[in-house]
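Engineer: Okay, here's the structure, questions in a sec.
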């Protein structure tokens, strides 16, 4: 619909924006003329055209209109629906238009009033009336997918964000997440058309509609497309044509068109201004004598509106129509097959209640605004206006019940809103701060059920589903929530703060306390670069951070001392010297445990005798080891004994190779008894150790001797090194 190709020419002027952000920032926060909302006009005939595609349920056209109004209610806008009047053009899009009202008009008006929206009957075409209302400031913008609003002189158009429209499919409107969420639209302002890539005026738009074709004459000038029409509009032919249409009489306009047409043909033939890009001689010769049609020109330049009819004084829009929940419920009962009590309340929970919270918050703010002289919307003494329903309607009964319960907007908000749960900055509102309110819908349920008359019988489908449902289905299906249970609704923070500042203050104080608790919690200690406790921690400069060196791995020798045999040296037997064994790992640990065990036992019992050497004809076996003899007669009896090595009779073993000794060796060594053992350790070197029985020592010694291939004779000397 409209002028083909014109949206593509105007696309550089478009601004992608969230509808909620537009309504809250430009409407509620800026508070133009004290209305606390963005006033937006809608062409009802376009909605009728879309509703014709409804195919579901009873009254599918009204069903489509109902749910579209429900969605519009969820956006904080102040809609004004404009209907075509009796003086609209008789032919449009090559179709004859009757002067009668559309058959959906009455039902649509009923729905509009129930939702608290405004409607207006234009004297002529609705698009021209909307452009006039927008130009004069009665409304802030026009919600439409028809570009003719600018051709009629409109200032701001919010292009319909519906993705199913054919014009929106190639250029889907998405948010910052690059998804077409249905919450964003493209905003066009006529003030942006002065950009170099567009360079169009109101007269230029009318010229493009005449050359490219429009609703009144779809053919236009044969062979002239949008680009050629755009070039001619930049040459100024549209401005001169519009000026003549508004100032000259019909006869004077005909004379002007003769000269104007000659200039137009000359520019097409010569391209003297260099804007067209090339010469179009054939097109200049194809201009017909009757171009342009004066009636079509006047339909764009001077359409029939309330201004031309002198009915501006009849436009009284106070935007004070209240949201009537009882009447909405009664409409559902009248028109839709699901219009029974429990189904209505169930659907209202997700469709109506969130939007109703915003409407009550806005009314609460209007009561507090000093510039609002109208006072609260609902009062006991309020008289119904001409546009309001009769006294017997559900709307009046609901208003009376509100007044009786002393529910002003402020008091009902206090009953509805319990607390603030969360806050967010979401893509659907272009990052606008929102609060998630916990709402108690008991009052809303009461207002809605007050208008239900129970004129429909119970739904058969519901009865069958409740009787025939199996136990497995009952377990898998989640039961619907209680209609009176609390729900949570996202509302813009600026609206909540203005309506209920104490609620917001308490929430923010709680948020600050939580933040302070998190900040005062003990932070995990940063490990210093010191290796042991004696090393001070290195303080790093925050301006010049130092590169941390990798932490060194601990040396196992620090925890498990390892000794190794050395060459025989002539040292005094009482000199204590520790062997540094080359072994490592578990082997060194076993040796160390044996040495420590012997040292601990000897030092605790105090049975150390002076060292005695018993080398008879030979040197010691190792440089560090000494022979220690224990006199069993002089030694006190111990509570336990350790058999040093079992004899051949008890545990025979094959004779291994003689051990390879590092020092000089001697012949067969003479021992006094089988109680002679040789110990190589730090604490027991040169000391006598009595016989003891510790079950874990002897097997270790035996295993040690076996690995070294030593003899298992009971009188042999065992070398632990």
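Using the three backbone atoms N, Cα and C, a Cβ is placed for every residue, glycine included.
Here the structure is a predicted model, which means the values were calculated and not measured.
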Engineer: State the residue range annotated as region 'Disordered' by TrEMBL; the candidates are 162-181, 182-201, 202-221.
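Structural biologist: Within the set 162-181, 182-201, 202-221, TrEMBL attaches region 'Disordered' to 162-181.
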Engineer: By DSSP assignment, list the helix, strand and coil residue numbers for the domain 'XPG N-terminal' (1-101), in that order.
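Structural biologist: Each residue of the domain 'XPG N-terminal' (1-101) counted once, the result is 45 helix, 21 strand, 35 coil.
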Engineer: Across the domain 'XPG N-terminal' (1-101), what does the pLDDT come to on average, as a whole number?
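Structural biologist: Here the predicted model's pLDDT, averaged over the domain 'XPG N-terminal' (1-101), is 89.
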